[in-house]
Amino acid sequence: MPEVPAVRAWPLLLSLALQLGAAAGAPQPLHCAPCSAERLALCPPVPASCPEATRPAGCGCCPTCALPLGACGVATARCARGLSCRALPGEPRPLHALTRGQGACMPAPSAEATETKDPAAPETTSPESTEMTQEQLLDSFHLMATSSEDLPILWNAINNYESMKALEATDIKKWKEPCQRELYKVLDRLAREQQKAGDRLYKFYLPNCNKNGFYHSKQCETSLEGEPGLCWCVYPWSGKKILGSTAVRGDPKCHQYFNSQN
């Protein structure tokens with residue numbers, strides 16, 4: 001099975017922010033770095049044929065053309081005014097669908113429908129609810145995927161964390177899989193750091209683990225500064241950087257180190 005492309009810029013997915021943030025207090029949003037006047041001046045003009053301009057998906061600074069009715073997802077352009085990016089009715093894994101660009105721009109629920117909801121009814125919405133929208137992902141918690149290449153690792157991280165949160169603390173201490181252990185520690189530390197007043201995390205490292213709990217050979221830092229973070233190559237069994245490899249912005253071509261050893 002081919003290696004899943006590693007993340008270049010991925011903060012924390014919504015379920016992680018909710019679950020880990022709750023452990024240390026109210027979850028704090030992760031914000032993109034501010035756009036400087038210099039960066040905004042470099043933005044190309046929106047095409048004249050664009051009926052509506054909107055903020056970009058991700059931590060970029062340049063406006064894009066909003067999507068009409070049709071396909072959408074976490075890393076696509078935002079839906080036009082009055083539309084909301086939602087998983088299709090009956091989708092068993094709505095968050096998965098949105099990260100794969102398999103949602104749809106639909107008319108947003110009317111205010112009247114929202115007001116007629118029984119206030120006494122229990123709240124049943126969860127991070128995997130069918131009501132999960134692109135707006136909740138990108139606005140409420142500032143969860144930004146800067147390109148379609150980030151999405152496989154996003155879903156990979158969701159799968160890893162879903163298995164983690166079902167375990168007791170004593171089970172976690174018994175883990176032998178190095179990447180899975182490190183990922184849990186990193187997420188726990190990030191959740192605590194986000195509680196500190198005035199702190200703004202614009203770069204950090206989120207381990208890229210495979211389904212067996214070891215490392216993918218390509219690892220990248222998360223960047224919320226509108227450009228890809230650095231990527232490097234590691235040994236899958238230890239996560240240690242491969243001797244002779246260099247950190248680059250983009251694909252470090254990790255396969256070359258393993259091919260040379262054959």
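Cβ coordinates are placed from backbone N, Cα and C, and glycine is handled just like the others.
Looking up Cys209 in Swiss-Prot gives a disulphide bond to a cysteine among Cys179, Cys231, Cys233, identified as Cys179. Among Cys50, Cys59, Cys61, Cys62, the one Swiss-Prot lists as the disulfide partner of Cys35 is Cys61. If you go by Swiss-Prot, Cys233 shares a disulfide bond with Cys254, out of Cys85, Cys105, Cys254. The cysteine that Swiss-Prot pairs with Cys43 in a disulfide, picked from Cys59, Cys62, Cys65, Cys72, is Cys62. Bond annotation: of Cys32, Cys65, only Cys65 is listed by Swiss-Prot as forming a disulfide with Cys50. Of the listed disulfide-bonded residues Cys79, Cys85, Cys254, the Cβ environment within 10 Å is emptiest of other Cβ atoms at Cys254. As a summary of secondary structure, the domain 'IGFBP N-terminal' (28-108) carries 11 helix, 18 strand, 52 coil according to DSSP.
Over the domain 'Thyroglobulin type-1' (176-254) the predicted model carries a mean pLDDT of 81.
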